[in-house]
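*Asks:* TrEMBL lists A:24, A:25, A:26, A:27, A:28, A:29, A:30, A:31, A:72, A:130, A:131, A:132, A:133 with the feature GTP binding site. The Mg(2+) binding site feature in TrEMBL is assigned to A:31, A:50.
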């Protein structure tokens, strides 16, 4: 980050607020991923199943992210759609070890993509194939294939392997998301 | 037709899993205490010698497999204490022993207490080791046969089936052992001790071949309560419980003799609740209304109330093989899954079918519950050995409200009739008195209305001025050629009729004179000797294009035979040039 950019961000010029929705099934590691982006003192050590949702804020390259960390539990998944309307990007977290529920992931993803607030909007989708360090984890390629991600033509998407505990792969994914969101916000304005 | 999408996600299907699992021999439990529910089942090998294995599945993969000493009759899982971490134990009923596994390791063994022999039988066994002569054996065996077979001990039962020349070896096997009846366990279930919570201590309840029911202490596995299921011979094969042991409980004992007994707190002998005409195949207790859904041979599915009265019976399309309870706690819905031959599984809410699922083939065991992290999983094991997991979609809606009304429910509510007003009474009187007049007037008005409609129709007909005139069978088409500013308009009048000639036609062309200048505005004699008449018209355009209307008229007609509007092509680019 150059000195000028630092100055710009310090003065708050050029800073944009974007809302990011973090969704995925329960026990996929959404809260752990969001926790990773928090500042040192705000980090929690004990991650418990989210009830309802949590709102967390963090920054990346002049973009101020407001992450809606949704609960992935079956009974709270109805809440997701209420936040589709004014979100600029979606992070979809997948437990790569849970092959049994991959079909549920696909079902939820299809429901998400069919939603009227998502269907006709160009929203970047970032997939985290989480828990990649586990011995029986599926590769991101396999996950992308079984979820049929290649069918998503009208939205930019990216899948990245991650390990939310160590933070491996998280920054790479969020860099991509930042870039995409920046582009979309820019084209909207002009 | 309504578009039907399945409410189920096909999570996993392993056709050649080779599993032979009987009903009540599979359970779901968080047996390692990590919140990841495993599937535990008994896989029976019906080979030369019967063998059984206790298998544990995590998700779709087999994670543990241990042999069992004998063929188990049922499998249960319950919490026996509430020390952290919460680990449920698995109880396997193997012959006369109730084996308890914790953390997938053998933990405890409970043996069914022995029952004394009948005097005749004990006398025979006292004498048996001391006789050597074959004729003496015969006499003793005849004595044994005089006793009812089911009340004999297992060793006597076996002895009676052994050929006479092997009888000596058979008797020698038991030398030194005091003969006693050790009934084998035929069924088991759990009974909550003092709490209805998800994680709460439960007692194991086991039923034996001779009709006794034992309730075991969760911690010490000693007998807390012992009762006989009925005053007549009954061999239980399914147990269903409700209530709490410390407060009030009810145990339903479903017996092979086609009766269902009930045992309550403190009872040492159960009462027969009801009998069924056909053999009972499977039964499921609904804790909501304390009713019992029973599947019997002959494609019958019946529901009995708490008091044992039959509430309804439905015929299923195929023979029933197994039942399972689907409890959807979030929507407070309780469905009964009915597995049938041909692999159909119907879900019943009350007597109505709310969903149909298909299994790869005839299901031999069904189970619904939490598996892994997913709450609503239906596990199907088929007779051919396939293992199938189906996940209920989160958005699944069984349309229970619409089902309620569609049933053949007798409507007791009277029709919402309005009050009899004075006006209504007067009108009725008038109608009664002048029925003929009213009818005639109505008919008159009806005929008049029809006449008016017909007249309006006739009036409208000649106004038709579309491109084709059906009455005259004339077709008119126009073609504009040229790039402009001068165009050539070619009109084409076609006679569609095979019989009638078209004579004395002329055409009038109409347009805005400020826009177009036509070479001629009236074409006087459109000859029809030749079928096509082409009349080139020169148009001169200087401004924006517009319509040219063409009216083709007959000599003596006051209405045009056919009309057409011609859109002239755009000539804007000429201005640019």
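In case you wondered, yes, glycine gets a Cβ from its N, Cα and C as well.
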*Asks:* Counting other CB atoms within 10 A of each CB, which of the binding-site residues A:26, A:28 comes out lowest?
*Replies:* A:26
*Asks:* Between the Cα atoms of residue A:133 (GTP binding site) and residue A:50 (Mg(2+) binding site), what distance do you get, rounded to the nearest Å?
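*Replies:* Here the two Cα atoms are 23 Å apart.
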*Asks:* At the level of the C-alpha atoms, what whole-angstrom distance separates residue A:30 (GTP binding site) and residue A:50 (Mg(2+) binding site)?
*Replies:* 9
*Asks:* Is residue A:24 (GTP binding site) helix, strand or coil when read with DSSP?
*Replies:* strand
*Asks:* Given the binding-site residues A:24, A:26, A:28, A:31, A:131, A:133, which pass a C-beta cutoff of under 8 Å against chain B? Sequence order please.
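*Replies:* Contact set vs B: A:26.
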*Asks:* Taking only the Cα atoms, work out how far residue A:26 (GTP binding site) lies from residue A:50 (Mg(2+) binding site), in Å, as a whole number.
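*Replies:* Between the alpha carbons of residue A:26 (GTP binding site) and residue A:50 (Mg(2+) binding site) there are 8 Å.
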*Asks:* Rounding to the nearest whole angstrom, report the longest C-alpha distance spanning A:24, A:25, A:26, A:27, A:28, A:29, A:30, A:31, A:72, A:130, A:131, A:132, A:133, listed for GTP.
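*Replies:* In whole numbers, the farthest two Cα atoms are 21 Å apart.
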*Asks:* Where among the binding-site residues A:31, A:50 do you find the Cβ with the fewest other Cβ atoms within 10 Å?
*Replies:* A:50
*Asks:* What number of additional C-beta atoms lies within 10 angstroms of the C-beta atom of residue A:24 (GTP binding site)?
*Replies:* 26
*Asks:* Taking just the CA atoms, what is the gap between residue A:24 (GTP binding site) and residue A:31 (Mg(2+) binding site) in Å?
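*Replies:* With distance taken Cα to Cα, residue A:31 (Mg(2+) binding site) is 10 Å from residue A:24 (GTP binding site).
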*Asks:* Check each residue in the chain of residue A:131 (GTP binding site) that is at least six apart in sequence and keep those whose C-beta is under 8 Å from its C-beta; list them in sequence order.
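*Replies:* Result: A:28, A:29, A:95, A:96, A:97, A:137, A:163, A:164.
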*Asks:* Take the C-alpha atoms of residue A:50 (Mg(2+) binding site) and residue A:72 (GTP binding site) and report the distance between them in angstrom, rounded.
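*Replies:* Roughly 8 Å, rounded to the nearest whole number.
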